[in-house]
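Novice: Can you keep this structure in mind? I'll have questions shortly.
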Amino acid sequence: MQIDEKLISRLEHLARLELSGEERAHIQGDLNKILDMVEKLNELDTTNVQPLVYINEEGNVWREDEVRNQLPREKALKNAPDEDGTFFKVPKVIDLDRNDA
Amino acid sequence: MPKYSSLQQVQQALHSGAESCEGLVSYYLQQIEQHADLNIYVEVYAEEAKEQARKLDQRFRENPQAPGRLHGMVLSLKDVLCYEGHGVTAGSRILEGFESQFSATAVARLLEEDAIVIGRVNCDEFAMGSTTETSVYGPSRNADNPDYVPGGSSGGSAVAVQADTCLASLGTDTGGSVRQPAAFCGIIGVKPTYGRISRYGLLAYGSSFDQVGVLVNSVEDAALLLEIMAGPDEFDSTSSQTPVPPYSEQLDFAGKARIAYFPTALEHPSLDPEVRAASQQLIEQLRNEGHTIEAVDFDYLDYIIPAYYVLTTAEASSNLSRYDGIRYGYRSGDAHSLMDTYKKSRTEGFGTEVKRRIMLGTFVLSAGYYDAYYTKAQQVRRLIQEKTLSILEEYDFILIPAAPGTAWKLGDTVDDPVAMYLADIFTVQANMVGIPAVAFPLATHSNGLPIGLQLMAGKFEEARLLAFLHDVVESVTYSRQ
């Protein structure tokens, strides 16, 4: 498996990143090295092996579905990069000239 | 040598009147200042710690019968653990200026027992790294030789204890991030069973791997801290309901242990000959003391790291998607649309190692590659878990080096991520399986740096593991020094 430039661009978009030319080339090379290392897994026969997903084998812990642990508004907005005292502010969302947002 | 190597020593001094909490805090603040060049602390809570110490001293004078169990415990926190009203940044620009709105359950439980938090310490960005060099604050340095790394990702925590700037430090361990730096800095590092300590308030990296752990000078302190932090938490549904034994009261190891070791590990080409010799010497000594210690086949060693990096990067790419520049954290000033805000904020906010792992995780989870990589790695994880647990049905412990060698020089692995990843070969197994493990100092290498070894035990066998370390291993290693 080789990650080419086209795939790197797709991954960048999926990951919501925008790498510079140099960083992209660097990471592309690294990913290919890492995938070479990962190839080793194919030496193992995993036919009929159930994927391991949950490390804690205990069942679900149920609780009442009630509202708790709320933050007052000032506290919730405290770490916001931009807010108007009531809402989080973001750049314009609807842009008719672009369809990727 | 640290001024106090256990809380018991501190509390004796407090009870005799030879020491006060204020005196302790002043001592550690002085140590922090003296070791500023090691770049251990991201932020020191000097005034607040002094203030809290004075309050504790006064309360103790008025009522000496009822101090908290951690009276006199001066702690530092890895910069990934939330402490209400204090900053937490995971060593990343993307969380610049972020202030915790609640305390991690582990932290809150320690504070309730009168622990004093003296500051937060450096770590690799989002705990991704083995050297503490990926932090936005620059690398921390090993106190035994400042040209060398302290290990990582909890490198700041390890040096904080090594340089005696606090009595203990909380770290987190996703693939060895508590144990490897403990080994590199010559102290004790404990990673409990997955789910033993709540992950609430721990900035997530790989959620099926992450555990809070402790870096300490003594097994007694590890036992007490774990005992207080462990147990169910309504804010973390993966925290275990299994009752928590009083580890600190169960440190006597009765009888003889059955211990397995892997020839595939001791003969591994990456293993430093002096680490091998130290391991073999301990094996001999334990055998002479009447413990059963046997070679056991384990053929999966070289599959652990590849599977681990597929799984953790997948989990990381998902966990780190929350850093989008909208509700908290860094937002790029250059962005003019929503998509731009996400992309530019994340690109400018994350460092290279984090981006590398997000990209790899995104790849292994993407349509067309999911089964070949992600599912495959989950299947391999089950094979590794089943084999390891079957060994631990027959044996109490697995003995294995903590790392292939000692700490390396700053900068040595910066350009070669694969080399850095492979150095986690002996610690990752415990996280893949979800079992507890400890790293402890065993000897000093001819290069002057500490050599650490590791013991793993079955799930929720912390009590036996700590008792064995306390009663058997410490007596063996101390008698040699």
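If you go along the chain as it appears here, the first residue is 1 and each next one adds 1.
Each Cβ is built from the backbone N, Cα and C atoms, and glycine gets one as well.
From TrEMBL, here are the annotated features:
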type	residues	note
DOMAIN	B:24-466	domain 'Amidase'
ACT_SITE	B:Lys78	active site, charge relay system
ACT_SITE	B:Ser153	active site, charge relay system
ACT_SITE	B:Ser177	active site, acyl-ester intermediate
Novice: State the mean pLDDT for the domain 'Amidase' (B:24-466).
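Specialist: Averaging the confidence scores along the domain 'Amidase' (B:24-466) gives 96.
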Novice: How long is the line from the C-alpha of B:Ser177 (active site, acyl-ester intermediate) to the C-alpha of B:Ser153 (active site, charge relay system), rounded to the nearest angstrom?
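Specialist: That separation, Cα to Cα, works out to 5 Å.
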Novice: For the C-alpha pair, I'd like the distance in angstrom between B:Lys78 (active site, charge relay system) and B:Ser153 (active site, charge relay system), rounded off.
Specialist: 9
Novice: If you count Cβ atoms within 10 Å of the Cβ of the residue listed as 'active site, acyl-ester intermediate', leaving out that atom itself, what do you get?
Specialist: 37
Novice: When a 10 Å sphere is centred on the Cβ of B:Lys78 (active site, charge relay system), how many other Cβ atoms does it contain?
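Specialist: For B:Lys78 (active site, charge relay system), the 10 Å Cβ neighbour count is 32.
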